Structure formats: C-alpha cells, structure tokens
Amino acid sequence: MTSGEQAKTPLQAPILLTNVKPVGFGKGASQSSTDILIGGDGKIAAVGSALQAPADTQRIDAKGAFISPGWVDLHVHIWHGGTDISIRPSECGAERGVTTLVDAGSAGEANFHGFREYIIEPSRERIKAFLNLGSIGLVACNRVPELRDIKDIDLDRILECYAENSEHIVGLKVRASHVITGSWGVTPVKLGKKIAKILKVPMMVHVGEPPALYDEVLEILGPGDVVTHCFNGKSGSSIMEDEDLFNLAERCAGEGIRLDIGHGGASFSFKVAEAAIARGLLPFSISTDLHGHSMNFPVWDLATTMSKLLSVDMPFENVVEAVTRNPASVIRLDMENRLDVGQRADFTVFDLVDADLEATDSNGDVSRLKRLFEPRYAVIGAEAIAASRYIPRARKLVRHSHGYSWR
C-alpha cells in the first residue's frame, strides 16, 4: 500500500460536496458550480446538480468555494525525527489543504528505509521523495554537509535503494551551493545527473550561494529536471541581476526544465519574482521548502506561498496549475479525468478571499497580500479533512550553528 491510499478497509460514510466550482481540471472540464458524491469506498459516485445521497452521507455545503485536484507541494522536509530540520507531514499536509507531499532530499540511501517505514507508510497524505545524492541526507542540515567529497556518495547503494523503493522515490536531489559542497563546485550536479540518467528519473537541484553557479547548473540539466529556489534573491544567484542568466533560464524553461519556487527561509524574493513574471517567465511549480526553520517565518504554508505569487501578478489559473497538474507531472502522478465517476477522490476545496495581510519574503522584504487562498477541506478518498492556513506563533530569537535568527 502506498501512502495516502487505502487498502481494503471498512467502508466509510459517503460524502456529498455541494456548490463547488471546479478549477484546474484541464481543458474541456466544466467550470460550472456542481455537486460531487463520493462513495464510502473513496471513489466518485456521481457528479451533477441536486444529487441524491444515502441517509448516512456526510454533507458539506462548499457555498461556492473552488474545488481543484488535491494540492501538491513539490518541496518539503518531513523526515521528522530523522533530520534536525524536518517537520511532521500533519503540519503541512491535509490540514493545510495539501494531499500530496514531496520530500526534497531529507533522506539519503543510508536512511531512506526509516523514512519509508516511519513517515511514508503511516501517512494519510500521499508522500513521494527525491532521494538525496549524499548518503546521509539532511541528518544535521548544514552542520554536517551531505556532499563534501566523493566519499559521501555511494553509487551502488543509491541504485539498490532506488530498486527497493521505486514506488516512493521520484528522483534525485542535489544541493548545489557552497554551504554544502564547499570548493567541490558543480561536480555533485554532474555526478547526480549521471545517476539520474541511469535510473531514468528527474533530478532536483537546489541553487543558492555560488559555487556552483546557477548558470552552470542549468547547462547540466535537461527536460523534466527541476531547479528549485528559482526566484531566490541571493547575490550571484538571482536571475534578475544578470541578463545572460535570465535569458538562459528563459530558454531552459522553454526546453522543459522545471522552475520551482522552493520558498524556504532563504530562497524567495518578491522583487525577483515580480520582475521575472512581468517579463513572462512564470514558475512551473509553487512549493514551500517547509521545514522547522522556515514554517513559522517566513513561509507558513502552501496557501500563503500561492498567495504571494498571486500578489506579484501570477494569474490565478496558473497559480492553481502550479500546485496541481504541473508538480504532479514531475512525480508521474496522473491528473487526467480527476472528476470522472469511478476515480478515487483527491481534491482541495478552497476560497479566494479579500485580505490585507502583511507577508515577508526570504530577504525580509514585505508585501501586503490583498487576495488569499484559504483552504477549507482536503478530500482524500472518503475522508474530508477540515483545512486552514497556518497561523504563525510569536517569533523568538534562536541560537544556531551560524549565529542567531528569528523563528
């Protein structure tokens, strides 16, 4: 049984969702307000207006809220207990409107078995993972770098780990910045790409403080690969401070390299995102890079991250696509015919509301969000989980290996 998918269990009560407005289901799908009946087996039983339902049905009046395919967060860290930065899936999953979580390299080949047993298998959300190229993954993130030299990579064990976990592992993850690789530069990206080719899976590369250069990374990647932190504002790694880099990123995106937001504590800039989008360069996917050092400040959750992109003029429909169909394609998750009778229910019910919320990017720049994505329910099979945005707690000054920071 894969995570987020039920084995043979007793039937639950049916669910009737009324007055929902479909969005993000692809060309040709109806966008008219409708009702959806989900059977006790978790599969869609009927779609239409004024549906009849059994007496024991759980009835949810969405009051005109949107319904989309279940949201996918392509970049989180949820190996809780196995790394020093990971959070629990429950902190960023269904209760935040997200039905599929993709862990971005928290586990390496040496500890993926624990991640599978203690996190993936018990989770009600669907969980997939990019396997870290470094054997230890993010056990002590940035304190014990996972890619210092070639001794940190074991090709044979990576191949073996993938063979044993191919239903869970969707690609390889490489963090390519000097905090991790030091003077090793772009070499880990080259090694990772070679292994990804052998496994026939995509690679996700974290770009940040050079070396490696963002430019070098893009030149190595190919169609289907992912560059995360695409709109970071770091010196030497911002696509808006170097016209050649912007043009390269634009060309690579056109060729099928996936630009992923990966907000995180240090990797999203309002200014960079606004300038890039104004020039027509949109991110392929919107993800959070949620972990213990970024959740309370500045990220919060996927809905708020989506709202940030909306605030810098990314169109509503593109924002929805960037958390549904687009990231789903990276992990080979079929998004076709999601509203057809007989399909397993996997939805997010949400509103888009007027607001006046102060939000911060990773550089400390502030923007006021005038429109907010507000998740209401995550529907996973025959379970409708009430959802809401994360409400941050009061921040505190925390000492860590590099000094102090607000969290």
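Keep in mind that glycine also has a Cβ here, set from the backbone N, Cα and C atoms.
Note that the coordinates shown come from a computational prediction; the quantities given were computed from them, not determined experimentally.
Spatially close to Asp289 (Zn(2+) 1 binding site) yet at least six residues away along the chain are His75, Val76, His77, Ala104, Thr228, His229, Gly262, His263, Gly264, Gly265, Ser267, Val299, judged by Cβ distances under 8 angstroms. In this structure, Asp289 (Zn(2+) 1 binding site) belongs to neither helix nor strand by DSSP; it is coil. Look at Swiss-Prot and you will find His75, His77, Lys173, Asp289 tagged as Zn(2+) 1 binding site.
Sequence annotations record features per position, and here Swiss-Prot assigns Zn(2+) 2 binding site to Lys173, His206, His229. Reduced to three states, the DSSP call for Lys173 (Zn(2+) 1 binding site) is strand.
According to Swiss-Prot, the N6-carboxylysine annotation covers Lys173, on the basis of experimental evidence. Spatially close to Lys173 (Zn(2+) 1 binding site) yet at least six residues away along the chain are Ala104, Gly105, Phe130, Leu131, Asn132, Leu133, Met203, Met204, Val205, His206, judged by Cβ distances under 8 angstroms.
When Cβ atoms from all protein chains are considered, those within 10 Å of Arg175 (site 'Transition state stabilizer') total 28, not counting its own. Look at Swiss-Prot and you will find Arg175 tagged as site 'Transition state stabilizer', backed by a curator's inference.
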In DSSP terms, helix, strand or coil for His229 (Zn(2+) 2 binding site)?
coil
Using a 10 Å cut-off on CB atoms, tell me which of the binding-site residues His75, His77, His206, His229 is the least crowded.
His206
